[in-house]
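Trainee: Below, the features straight out of Swiss-Prot:
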{"type": "BINDING", "residues": "17, 208, 210, 244", "note": "Mn(2+) binding site"}
{"type": "DOMAIN", "residues": "8-284", "note": "domain 'Pyruvate carboxyltransferase'"}
{"type": "REGION", "residues": "408-541", "note": "region 'Regulatory domain'"}
């Protein structure tokens, strides 16, 4: 349980609130991959999901709790409404974690009470107290959120928080659910809580905010100045609607402006002690991983991690930066994991140089993964003169994200043009070693390839997302393809990278189908959940 008030606690909700971004659905393996990277990044708490929302969410939270929530690792958190069924599901899913937290919430604004909950203030007070106490029977660490706190009556909010803390809440989280407040208002709200909740010193004050007015990060910084010590944020700021407060922006604000923020933590301005536990050199890699797995591209002018964040086009700026970086840059690109000395590899580079560079970039791979990635590297080197760090990241990320190779693409060939019908031929090796060839006609080359693959694999599915991103500049750049298919309500994703977009598209599609086929082979394991568990629930905090 985290009780420190002398630093900022980073609570990452990429896997819960971030995944509620339209089109950002992740499967269990992808969530686990991100959770592992968040642990390396140094986040204090990972909100791994909403266990009662679906069987898939339950499985993901349980697996992350078991594999990432080890001794010395982050606290693993599960979201739950203030109902016994929700809290019971969260408690069961979190059981394997060394440090577990249940995060339970109920709305407190008058508009939510009247139209959503249809309950009185007295009823909400009773429910909050009772359900926090129930959550304490599963874990010692309980977080309580009054949903839509930003629009709640302050006096009622103080009462709810006092009751929740008295019932055992160790963290009270103040959400600006609809991104409505301004920094001055949000800072005042936190200050009011510090001054008017009698037992507030028994809990950590946390904040959660959305970016509907573009003020989430500014609101959080003001909240910290007024006593908040936990910040709920997401990588790249992904989340519902306009997103959440961006982890990388908050962390680097405390890193760059440490002298300004130190006094608010009772430190002398010149103190060099970091204000967070984040290893900032993992920020860029984490951003790229989340972008790749969710298929949500980072806008070029995004603060900290955007492609243009350290770019200078103005001649005056370029001249200044060349003479001294501090003239126009307030932080070192290396501090977030970007390197100035990009080592360029080529077809004459050997396995040792390849492996050494991967280690320098922070990748920890098994011998088998290195061998597979090296084969991809040599294949790429025959097509591309210079291979950059970004290319290497793409190769490795595509390799480590691959499922068991049940179906293997041996050949893909397409014919298309403005006066011909797109046609594709594929040769696929099946799980029993047989090579099958088929062809199909489509509305475009990718459609034709997918139809040909479907004829061989013969697993019913709906393609729900297809996205392509260029890794580097240039006509010979690698293209990363992310696709998602749906089968019986479940979503399966595939990723691939290649200088040939058609090949990458075929490999990504087959990757998703391999995941789907593997699940069909082993069957979906049944989980002991409450009988009335729904297929899907949308969280509101």
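Each residue, glycine too, has its Cβ placed from N, Cα and C.
What does the local environment look like for each feature on the list?
Mentor: Residue 17 (Mn(2+) binding site) falls within neither a helix nor a strand when secondary structure is assigned with DSSP, and so counts as coil.
Mean model confidence for the domain 'Pyruvate carboxyltransferase' (8-284) is a pLDDT of 96.
Secondary structure of the region 'Regulatory domain' (408-541), assigned with DSSP and counted as helix (H, G, I), strand (E, B) and coil, comes to 35 helix, 54 strand, 45 coil.
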Trainee: Which residues of the same chain, at least 6 positions away in sequence, have a Cβ lying under 8 Å from the Cβ of residue 210 (Mn(2+) binding site)?
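Mentor: 176, 177, 178, 179, 216, 239, 240, 241, 242, 243, 244 - these are the non-local Cβ neighbours of residue 210 (Mn(2+) binding site), listed in sequence order.
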Trainee: What is the Cβ neighbour count of residue 17 (Mn(2+) binding site) at a 10 Å cut-off, with all protein chains included?
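Mentor: Neighbour count, Cβ to Cβ under the 10 Å cut-off: 25.
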